[in-house]
């Protein structure tokens with residue numbers, strides 16, 4: 001997906017947004033930064049993440065895709081309480097309902113439009129239609145989603161997190177792609193085991 005000059009400008013703005021969301025999501029450290037054990041003295045390469053370069057000229061993926069710069073991919077983030085993700089939504093694709101247990105998410109929409117929403121602890125749903133240039137915050141730990149309802153135009157968003165490892169708990173995968181007993185799920189959702197098994201099969205298909 002070739003990014004336009006305007007999109008590059010939006011990426012810069014999103015980078016600034018990432019700095020603003022730097023909160024105490026991770027324990028404070030007593031040094032400037034943390035070097036992995038048995039590593040050589042760091043230079044500029046240690047503080048550089050190149051994993052996003054592939055996005056600049058890549059075609060639109062056939063399904064929703066997220067490229068992360070978290071502690072797992074970028075060890076220099078250890079102790080810095082920040083991380084980053086680029087989310088690509090082909091036409092009519094969805095980032096399924098999920099949570100981030102260790103951080104809020106600040107999403108900047110660089111291209112296209114998105115339907116977004118989250119549910120608070122009183123089960124109230126908050127939704128919004130985002131246009132290019134909008135910013136939306138998903139509060140820490142709350143269930144949320146993003147959906148590109150446009151039948152033709154893809155969307156691209158950049159998300160910043162106040163933790164080097166915000167974590168992602170996908171509700172569909174957590175509920176229907178684990179070893180939770182089918183009868184427990186059936187009772188929880190007030191349905192039958194056959195319906196639960198159909199849902200599980202749909203995730204694997």
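Each residue, glycine too, has its Cβ placed from N, Cα and C.
In TrEMBL, annotation is done automatically, which means it is predicted and not curated.
As written in TrEMBL, here are the features:
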- 95, 100, 105: oxalate binding site (BINDING)
- 98, 100, 105, 144: Mn(2+) binding site (BINDING)
- 54-197: domain 'Cupin type-1' (DOMAIN)
- 1-24: signal peptide (SIGNAL)
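Shown here: features listed in TrEMBL, placed on the structure.
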| residue | record | Cβ contacts under 8 Å, 6 or more apart |
| --- | --- | --- |
| 95 | oxalate binding site | 64, 66, 87, 89, 145, 146, 147 |
| 98 | Mn(2+) binding site | 143, 144, 145, 168, 169, 170, 171 |
| 100 | oxalate binding site | 138, 140, 141, 161, 163, 166, 167, 168, 169 |
| 105 | oxalate binding site | 137, 138, 144, 159, 160, 161, 166 |
On the DSSP side of things, how many residues of the domain 'Cupin type-1' (54-197) fall into helix, strand and coil, could you say?
23 helix, 56 strand, 65 coil
Determine which residues of this chain, when 98, 100, 105, 144 are set aside, have a Cβ within 8 Å of the centroid of the Mn(2+) site's Cβ atoms, and list them as they appear in the sequence.
99, 118, 138, 142, 143, 166, 168
Report the mean pLDDT of the predicted model across the domain 'Cupin type-1' (54-197), rounded to a whole number.
95
Near the Cβ of residue 144 (Mn(2+) binding site), how many other Cβ atoms are there if near means within 10 Å?
22
Once 95, 100, 105 are set aside, which residues in the chain still have Cβ within 8 Å of the Cβ centroid of the oxalate site?
85, 98, 99, 107, 138, 144, 146, 159, 161, 166, 168
